[in-house]
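Per TrEMBL, these features apply:
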type: TRANSMEM; residues: B:12-39; note: transmembrane segment
type: TRANSMEM; residues: B:59-90; note: transmembrane segment
type: DOMAIN; residues: B:68-274; note: domain 'ABC transmembrane type-1'
type: TRANSMEM; residues: B:102-123; note: transmembrane segment
type: TRANSMEM; residues: B:160-177; note: transmembrane segment
type: TRANSMEM; residues: B:198-227; note: transmembrane segment
type: TRANSMEM; residues: B:255-278; note: transmembrane segment
Amino acid sequence: MDTFLKKSISRRTVLGAGVMGAAVLAMPNILRAQDKSLKVGVYGGYFKDSFDKNIFPEFTKATGIAVESVAEPTGEAWLVQLEQAAKAGAAPADVSMMSQVAMLKGQTTKLWTPLDLAKIPNSKNLIDRFVNKYPDGSVAGIGAVSWYITLVTNTDVYKEAPISWAAFWDKANADKLGLLALVSNSFLLEITAKTFFGSTNALDTEEGLLKAFDKLAEVKPNVRLWYRDEAQFEQSLKSGEIPMGQYYHDVTGLAASEGHPVRSTFPKEGGVQDSGCWALSRASKKVDEAHIFIDYMSQPAIQATLSRKVGTSPTVKRELLDLSDKEFAAVSSDIEPIIPRYDLYTTKSDWLNQKWTELIVG
Amino acid sequence: MKREPPQSIADYGPLFFPAGMLLIFFVVPFGTMIAVSFFQRQEGGFYTPAFVFSNYERFLTAFFGGVLGFSLMLAVTVAICCVVLALPFTYLLSRLTRRLQVIWLVALLSVLSLSEVIIGFAWSTLLSRTAGLSNLLVKIGLLEQPVALFPSFGAVPTGMVYQALPYTILVLYPAIVRLDPTLMEAARTLGSSPIRAFFNVLVPALRNTIMATLIMVFIFALGSYLLPQILGRPQHWTLSVLITDQAIYQSNMPFAAAMAVFLVLVTLGLVALTLLIGRKGEKA
């Protein structure tokens, strides 16, 4: 079976397999027996459900490659599992959606198989920053989806939408904020730097970071909840218990469309744009299938579908998409985003974590 | 029936299975954890096998000392609250009819089926400003306007006591039911009031059980990491919360392991001390 998989697959084979795949889809028993399959790791819960429903069946229909989706935990638990499995030569998933920090950490142990862009022609559609590269220039991962963290408010409590992140520092908002509890997922240092020190370049030096920490300490009296779990904050935001905070633009929009009194605002300094990459574990033997999958996912049409059905922001250039202005505004914004300083979370992670914990716990 | 001391290896047979389980599911993982706690953390990566003390050094600061102290204090508070509540309750329960006892015990067992997450979210709703208990107080005129009772220090032990109380009662129950009822009757005929008899006869008779229950609830409460996050502010986070942060969010396994080993050692030390004091008290 290995030799079969190592053979490069021509376009014709793919098309042929597509027809075959469509034919066998009608017969689930045969589907299970077929060789061409790919295990894809996506964040469990809403993401996995949406992908299972809206994306993977279409992919199988188009390419004949059956997808077995694996629910991955958020945080870095999945990275640890992939790493340890790879040491044993196993891959719990061939392709996984990984956060940017996890991508960089995986790079240090060469966990990701370098991708061949010649086999991913659609990669030319991507916005440059969504191609994740090894220091030597080889490609470690390709942008899968991106999402925004924005300034959210309860519309019953705040009749007017705030316009700047500086609202977090407003003394009038004492004990009213819900913020993410970790330095590496709240990106509050970046927000502080952009809002008060011009840009995230202010975080280049240790002095700059300490200045940002000092500024951030002023927010503490306004924070009622430091949350790790999204549900913790979302419920309180909807009820007005905690009427302001940082949260995900897509989920807030979804809640607003269901009639909850919440709104998501892109502050004038920009929303925080975080993203996930598709990356291939070095223990995986499904290199060809993985390239086909990543290429498929990088098509503008698929990215548009993701925006419409899953609510993620596209990783391909705006002009290639057929999204209407309203559809685009629902998932993104033309205001220049704040891009997290992922490099800091690998080079200074322990120092940042220690300072951060002392800041919020102490 | 006379008990023979075991003669051959076969006589120890029944012990092999539990011993094996203990070895596989406790000794091996704990040994691994101790080993990892000495490994070298690689920032921006994972860890490499080594023998370094840096993980323990990082822990030995006033900051982590404070968090450890708070965790121990919280667990002791929860243990004492649980036993103080559960002891009279279980005693009264043991004097009910068999049928009522079964109903109570089934109700208590059903509380055990609730996960920590559900308990945390239920209490956060009960203590909220928008939907919580303070609204009832406003209705009956005791409060001007509803207030948020969480996150606060009070909310954390409240949730934890709620979670641990069924265990406490289930541990106390067999001992109290087996207690000779004539002890209390004797106290009463000698002129002692029910409350006096409870404290002067029942509590001393159950001394060892109470001690064991306190230790059990203490250890149970020490591992709690979800309720302090949901119901408390960051200064109410236990050491377990910080261990989770390091292990899951920072993938700093060596430091997480070092903190966990430290927590286990401190716990074992405290339990040993308690037992030692208990034994001395018995001799005196």
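Note: Cβ is positioned from N, Cα and C throughout, glycine not excepted.
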Among B:12-39, B:102-123, B:198-227, B:255-278, the stretch with the most Cβ pairs under 8 Å to the transmembrane segment (B:59-90) is B:198-227
Are the transmembrane segment (B:255-278) and the transmembrane segment (B:102-123) close enough that 3 or more Cβ pairs fall under 8 Å, when only pairs 6 or more apart in sequence count?
no
Per the Cβ under 8 Å criterion, with at least 6 residues separating them from its ends, the transmembrane segment (B:12-39) contacts 6, 47-53, 55-56, 253-254, 257-258, 260-261, 264
